[in-house]
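First comes the structure, then the notes that go with it.
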Amino acid sequence: MAKKYSLLSNVYFLGAFATIGGMLFGFDISSMSGVVGTERYQNYFNHPSSSLQGGIVAAMAAGSFFGALLAGPLGDNISRKRTIMLAASIWIVGSIIQCASVNVGMLVVGRVINGVAVGLASMMVPIYQAEIAPKNIRGRIVSLQQWAITWGILIQYFIQYGCSFIDSNAAFRIPWGIQVVPGMILLVGTFFFPYSPRWLADKGRWDEALEVLANLRANGDKNDPAVQAEYKEIEDAVNFDRTLAARSYLELFRRPAVRRVFLGMSLQSWSQLTGMNVAMYYIVFIFQGAGIKGQNATLQASSIQYVLNVLMTIPAILFIDRWGRRPVLLIGSTFMALWLFLIGGLMGRFGSPIISDNQTTTWAIQGNDPASHAVIACSYLFVCSFAISWGPVSWTYPAEIYPMRIRSKAVSLSTASNWAFNFALAYAVPPLLESIQYRTYFIFAAFCVAMTVHVFFMFPETKGRTLEEMDELFNSDIPAWKTHSQPVSHLDRDIEELKLNQEHSRHSQLDNNGKNPDDLVHPHDSTVPPHGTDNMGQVPDEKTEVEHVPGEKTEF
Ligand code: BGC
């Protein structure tokens, strides 16, 4: 069979391109930070009061919350691919409205629309990535989404800074208008993308599912053992799903689904409760508290943390599939707790209250350079610790733990949890910093300790398993802290067996009549055994960490 190679069947290319959706997310996070301080913006929008400004900022997170919820049913019904295209189209409309805003009302409408787009994309891109990626690089591919978020934050921040020197309304119109460009690229590019093979299978479009899988895994060779085995695994899972009752949101809150749904939602909520967005949104306050003065100095200090955020996501992309999810989460939150305790402790010990002209009290370190530098260093280390751990894993884990029948809806709930806490913290942090000052950092440090404990006891290791193998992991009685990566999965064994079978039949056919042994074996009528069994339907002796009973998949 002629083998073909195309960029559109390269998982890295597809996964990386789809992350433009994550870039929109990043643009969203920093879309106000560099504009809000400019005179042009303030004059044009009549110096919005702080609560009105808070509303303008939060409008986007609110839109994202609803977008993420909407993405659940959309992802199932119109497909992952078309949902991403829809997100890109909505983003373009929202950006045009924002860019053309003539008053606060129009600006808020534009931001809500952009928010909906980000909610859709931030939920759908990781699912698409997880569904096209082979298990051994799934963590890496989904982590690209986090990398794109960090790039989006950085790029938008610098565009806004650059435009702040323009002496016209272009100072804020350009940064918002330019957002159309990634939206267009995403829309046009995704049009040529394949559908997720798992979504196709779920819709009964088996031939297309096989074709896409063959393109993704073996340059179009449908006979390749890896393609055949994975296809069979998907087929088993989809057929099993069909034997269950109708899918509904209610199912998510019943046993046994509820445990995993809770894990996904709490992981995303915890990722916000690390306090990372205090650094992303309000880094200026942290640095002011550390005693940095002047706009330029603050800008420089802030830009360093955005750059570190981008750089420190790279090790996660490279090694997450080797390190595993649990160690990364546990070490990440332990270190974040440490840096936050240190920031709070240093500020409390060396800082003092400062009463400004308008009678508001802030807390800052003054005239103590070593203490100031230590606070700044700790906040950089905090950002690095998040970037290498919770940032990527908070997207990877929810995208991989659910079975197909509830994946879209369940991931949409976990992403919506991210946005709900994002929204709440964006509002709560400024008043907290004003009223309890440096103690705010202790609260986030305490959250980091709590999430470490939660992960240790409740989150099983998912590294090395296919999406279809998650059921037995979560249905097993093995406590989370005793789960390890699966060194040899059912899929690996099936592939090996298929290779042997194909080799064997090739030899015997050559011996018999020299017939071409490469005739297509369609997995529907193939001899691929159910996973976990050998050719005779027997369970091989080989010891695996989680017992699998052939043909008797535990419900869900
Ligand atoms: C979080 C965002 C955060 C970003 C920072 C993401 O994983 O969901 O809220 O701003 O990381 O890099």
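Backbone N, Cα and C atoms are what each Cβ position is placed from, and that goes for glycine too.
Look at TrEMBL and you will find 516-525 (among others) tagged as compositional bias 'Basic and acidic residues'.
Look at TrEMBL and you will find 540-556 (among others) tagged as compositional bias 'Basic and acidic residues'.
Here TrEMBL flags 14-463 as domain 'Major facilitator superfamily (MFS) profile'.
Per TrEMBL, region 'Disordered' is recorded for 503-556.
The feature transmembrane segment is assigned by TrEMBL to 12-32 (among others). With a threshold of 8 Å between CB atoms, the same-chain residues lying at least 6 positions outside the transmembrane segment (12-32) that come near it are 56-57, 60, 64, 84, 87-88, 91, 111, 114-115, 117-118, 121-122, 124-125, 128-129, 132-133, 141-142, 144-157, 160, 175-176, 179, 182-183, 185-186, 189-190, 193-194, 216, 277, 280-281, 306.
As annotated by TrEMBL, transmembrane segment applies to 52-72 (among others).
Annotation comment: TrEMBL describes 84-106 (among others) as transmembrane segment. If you look at the transmembrane segment (84-106), the same-chain residues 6 or more away from its ends with a CB under 8 A from one of its CBs are 18, 20-21, 24, 45-46, 48, 52, 56, 67, 71, 74, 78, 112-118, 120-121, 124-125, 128, 173, 176-177, 179-180, 183-184, 186-187, 190-191.
Taking Cβ pairs closer than 8 Å, the transmembrane segment (112-129) reaches residues 14-15, 18-19, 21-22, 24-25, 28, 31, 59-72, 74-75, 80-81, 83-84, 86-88, 90-91, 93-95, 97-98, 138, 141-142, 144-145, 179, 183, 186, 196, 395-396, 398-399, 407-408, 411-412, 415-416, 418-419 in its own chain, all 6 or more past its ends. According to TrEMBL, the feature transmembrane segment maps to 112-129 (among others).
If you look up TrEMBL, you'll see 141-159 (among others) marked as transmembrane segment. Sequence-remote contacts of a segment are chain residues at least 6 beyond its ends whose Cβ falls under 8 Å from one of its Cβ atoms, and for the transmembrane segment (141-159) they are 11-12, 15-16, 18-31, 33-34, 122, 125-126, 129-130, 132-133, 174-175, 178-179, 280, 302-303, 306-307, 309-310, 313-314, 316-317, 320, 387, 391-392, 394-396, 399-400.
The transmembrane segment annotation in TrEMBL covers 174-195 (among others).
Nonlocal intrachain contacts for the transmembrane segment (261-284), taken as residues 6+ away from its ends with a CB within less than 8 angstroms of a stretch CB, comprise 29-30, 33, 57, 153, 252-253, 298, 301-302, 305, 333, 336, 340, 379, 382-383, 386, 390-391, 393-394, 397-398, 401-402, 406, 410-411, 413-415, 417-418, 420-422, 425-426, 429-430, 433, 440-441, 444, 447-448, 451, 454, 458-459. As annotated by TrEMBL, transmembrane segment applies to 261-284 (among others).
Per TrEMBL, the feature transmembrane segment maps to 304-321 (among others).
If you look up TrEMBL, you'll see 328-351 (among others) marked as transmembrane segment. Sequence-remote contacts of a segment are chain residues at least 6 beyond its ends whose Cβ falls under 8 Å from one of its Cβ atoms, and for the transmembrane segment (328-351) they are 270, 274-275, 286, 289-290, 316, 320, 363-366, 368, 371, 374-375, 378-379, 381-382, 385-386, 388-390, 392-393, 437-442, 444-446, 448-449, 451-452, 455-456, 459.
Here TrEMBL flags 371-390 (among others) as transmembrane segment.
With a threshold of 8 Å between CB atoms, the same-chain residues lying at least 6 positions outside the transmembrane segment (410-429) that come near it are 54, 57-58, 61-62, 64-65, 68-72, 75, 119, 122-123, 126-127, 252, 257, 260-261, 264-269, 271-273, 275, 277-278, 281-282, 394, 398-399, 402, 440. Annotated transmembrane segment per TrEMBL: 410-429 (among others), in sequence order.
Among residues of the same chain six or more beyond the transmembrane segment (441-460), those with a C-beta under 8 A of the stretch's C-beta atoms are 263, 266-267, 270, 273-275, 278, 325-326, 329-330, 333-334, 336-337, 340-341, 343-344, 347, 397, 432, 473-474, 478-481, 483. The feature transmembrane segment is assigned by TrEMBL to 441-460 (among others).
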>> Do any residues, 6 or more residues outside the transmembrane segment (304-321), come within under 8 Å Cβ-to-Cβ of it, and if so which ones?
In response: 30, 136-140, 143-144, 146-147, 150-151, 153-154, 157, 279, 283, 328, 379-380, 383-384, 386-389, 391-393, 396, 463-464
>> How about long-range neighbours of the transmembrane segment (174-195): same chain, 6 or more residues beyond its ends, C-beta under 8 Å?
In response: 8-9, 14, 17-18, 20-21, 23-24, 27, 31, 34-35, 79-81, 84-85, 87-89, 91-92, 95-96, 98-99, 101, 110, 114, 117, 121, 132, 156, 159-160, 163, 166, 205, 208, 212, 215-216
